């Protein structure tokens, strides 16, 4: 992902304020609610029968935290996202058979959740930088599929 110095600064400054557990759980939960077909990958998580059940499910929250932990690793290696996410790409492609489009959807949901959490601090410039990052991460996660 090519970011200007200003964009990198905007991304890392905001990310330093992110509660990974809270935002991760909310982002994954919203993905599962808005795109219910994605729930098929999480059948072992128990009750996903309603939006409230999804958003309050401890396994959804825990996995969301794990997902954003990996995203944090990506932010530390923006010039090598494919290498950073190679093992996760292989896992999601070969073992889990996740449609790579879901990575793009989750990235867009994450941007919405960040905007909701940070309000005016999530300026159009910050949003544009995050769109570049989530697109780069989604592309790296989809790499094994190509």
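Note: Cβ is positioned from N, Cα and C throughout, glycine not excepted.
Around the Cβ of residue 63 (heme b binding site), the same chain contributes 24, 28, 42, 45, each under 8 angstroms and 6 or more positions distant in sequence. Among the features that Swiss-Prot reports, heme b binding site is placed at 63, 92.
The annotation domain 'Globin' is assigned in Swiss-Prot to 2-146.
Residues or ranges marked as phosphothreonine by Swiss-Prot: 12. Applying an 8 A CB threshold to same-chain residues 6+ apart, the list for residue 12 (phosphothreonine) reads 75. In the three-state DSSP reading, residue 12 (phosphothreonine) counts as helix.
Residues or ranges marked as phosphoserine by Swiss-Prot on the basis of similarity to another entry: 44. In the three-state DSSP classification, residue 44 (phosphoserine) falls within a helix. In the shown protein chains, 6 other C-beta atoms lie within 10 A of the C-beta of residue 44 (phosphoserine).
The N6-acetyllysine annotation in Swiss-Prot covers 59 (among others) and rests on similarity to another entry. When Cβ atoms from all protein chains are considered, those within 10 Å of residue 59 (N6-acetyllysine) total 15, not counting its own.
A 10 Å cutoff on Cβ-Cβ distances gives residue 82 (N6-acetyllysine) a total of 15 other Cβ atoms nearby, all chains included. For 82 (among others), the entry in Swiss-Prot reads N6-acetyllysine.
Per Swiss-Prot, the feature S-nitrosocysteine maps to 93. Residue environment of residue 93 (S-nitrosocysteine) contains 17 other Cβ atoms, counted within 10 Å of its Cβ in all protein chains.
What Swiss-Prot lists as N6-acetyllysine is 144 (among others).
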Using the alpha carbons only, what distance in Å do you get between residue 82 (N6-acetyllysine) and residue 44 (phosphoserine) once rounded?
29
